[in-house]
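Marked as active site, proton donor by TrEMBL: GLU89, GLU331. Annotated active site per TrEMBL: ASP222, GLU356, in sequence order. Residues or ranges marked as Ca(2+) binding site in TrEMBL: THR442. The annotation disulfide bond is assigned in TrEMBL to CYS285-CYS317.
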Amino acid sequence: MQRNKIKEMMKHAWDNYMRYAWGKNELRPISKRGHSASIFGSMSLGATIVDGLDTLYIMGLEEEFKEGRDWIAENFDINLATTDLSVFETNIRFVGGLLTCFALTGDVIFRDKAEQVARKLLPAFQTQTGIPHSLINIKTGSSKNYGWASGGCSILSEVGTLHLEFAYLSDVTGDPVYRAKVDHIRRVIQSMDKPRGLYPNYINPKTGKWGQHHMSMGGLGDSFYEYLLKAWLQSGREDQEARQMYDDAIHYVLMYMLKVSSGGLTYISDMKFDRLEHKMDHLACFSGGMIGLGAHTLKNDLSKRYMEIAEAITNTCHESYDRTATKLGPEAFRFTEAIEAKALKSNEKYYILRPEVIESYFIMWRLTKQQKYRDWGWEAVQAIEKHCKVAGGYTGLKNVYLEDPPKDDVQQSFFLAETLKYLYLLFSDDSLMSLDEWVYNTEAHPLPIKGVNPLYREQV
């Protein structure tokens with residue numbers, strides 16, 4: 001029943017995208033047209049198709065999958081990109097999505113398109129340190145960093161969230177260049193001095209030194225930690241260095257940034273120049289699942305405590321949903337004397353169909369089998385249906401604390417790639433895309449685990 005409901009949601013999102021925005025990056029479900037202000041601009045790169053395709057496959061929506069596959073074969077061309085693209089977003093959505101479809105189907109069109117995209121990203125790595133820039137112009141190959149990022153710095157989460165895709169791409173193409181690039185980034189970051197064992201969010205690609213000492217498990221930090229754990233898992237647990245870096249990093253994050261509110265809610269706060277900022281991003285809510293997965297996959301004397309922390313963080317993230325009028329959580333929430341797990345600023349009260357809380361429900365369900373995670377996931381389904389569903393698809397909300405919130409008129413590609421996939425898997429058997437055989441990239445694109453999963457499809 002639940003799975004069918006979520007499959008219907010996917011079909012509603014996909015069919016309307018096809019109807020009103022086919023080939024465009026994203027859909028504006030209320031105005032029923034393409035969304036030209038998306039992170040990929042107005043070019044017809046079909047971000048929603050590439051991002052959503054593996055979800056269609058996993059749900060058994062074969063006809064829709066074939067339509068998407070044929071569009072990619074005939075129309076997808078990264079060279080159509082005329083503006084600067086985010087190296088990070090292009091990697092996790094396009095390279096990741098295409099590689100997963102290759103793993104699932106063996107259809108080489110996906111592998112070849114993934115390599116085309118990754119090859120176009122390579123000039124961004126041509127810096128003094130080999131730490132890549134954030135933005136690349138596909139036409140000219142020139143790359144740069146964001147103007148706002150701490151004096152020309154690259155961003156920790158972005159440079160640390162290439163490893164899974166690039167390592168796998170080298171293995172399926174037989175071209176070592178991709179793995180060499182990410183191994184080099186790893187070496188640079190590992191050799192740097194860490195303030196109190198922590199990793200700042202900014203790293204200068206010219207000097208190889210840290211920028212401002214801001215640390216976060218949310219935006220700018222998040223998936224760096226995730227990819228250390230997952231690089232170890234993806235390698236069939238051979239990549240010991242990745243696991244060691246993950247364990248050390250989490251140790252210091254929990255030592256300095258883990259807090260419990262007066263009401264008993266556990267959260268990971270941000271840190272700026274040694275001062276804690278008692279806020280947690282929705283993006284940081286993936287960390288419940290990550291810490292649980294870390295505890296589960298390497299049994300040691302810390303596992304029990306880490307599993308308790310994972311459960312406590314996931315509970316806090318559920319509270320951030322439960323304490324709103326819509327039962328959907330805000331972009332960021334704070335802890336003060338007066339409030340707990342609530343957004344204070346108007347620019348933190350929005351919900352853009354994000355997956356991270358549901359991602360933790362999914363992982364924690366698979367690891368613990370506690371019914372509450374499925375119950376919480378179902379609450380989210382009902383809230384999304386009630387507040388985000390419109391005739392033309394699904395929209396984000398501008399203020400989750402209002403009974404009838406204004407809508408943002410954007411159906412994000414990650415709603416199909418992540419939110420609906422994690423919901424579907426939450427109500428599926430463990431054998432479907434098993435955590436023992438697949439590792440999920442930060443856009444929820446499952447990549448096969450080496451030596452364990454026969455779909456790894458390595459070029460030998």
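Placement of Cβ uses the backbone N, Cα and C atoms for every residue, glycine included.
Bear in mind that TrEMBL entries carry predicted annotations, made automatically and left uncurated.
The distance from the Cα of ASP222 (active site) to the Cα of GLU331 (active site, proton donor) comes to 14 Å. In sequence order, ILE92, THR161, ASP222, SER223, GLU226, TYR227, PHE286 constitute the residues six or more apart from the residue listed as 'Ca(2+) binding site' in its chain with CB-CB distances below 8 Å.
Looking only at the active-site residues GLU331, GLU356, the densest Cβ neighbourhood within 10 Å occurs at GLU356. Candidate recorded positions: GLU89, CYS285, CYS317, GLU331. Nearest to GLU356 (active site) by Cα distance: CYS285. Cα of CYS285 (disulfide bond) to Cα of GLU89 (active site, proton donor): a distance of 19 Å. Ranking the active-site residues GLU89, ASP222 by how many Cβ atoms sit within 10 Å of each one's Cβ puts ASP222 at the top. Within 10 Å of the C-beta atom of CYS317 (disulfide bond) sit 30 other C-beta atoms, taking all shown protein chains into account.
Taking the Cβ of CYS285 (disulfide bond) as centre and 10 Å as the limit, one finds 31 other Cβ atoms among all the protein chains shown.
Recorded residues GLU331 (active site, proton donor) and CYS317 (disulfide bond) have their alpha carbons 11 Å apart, per Cα-Cα distance. If you take the Cα of CYS317 (disulfide bond) and the Cα of GLU89 (active site, proton donor), they are about 24 angstrom apart, rounded to a whole number.
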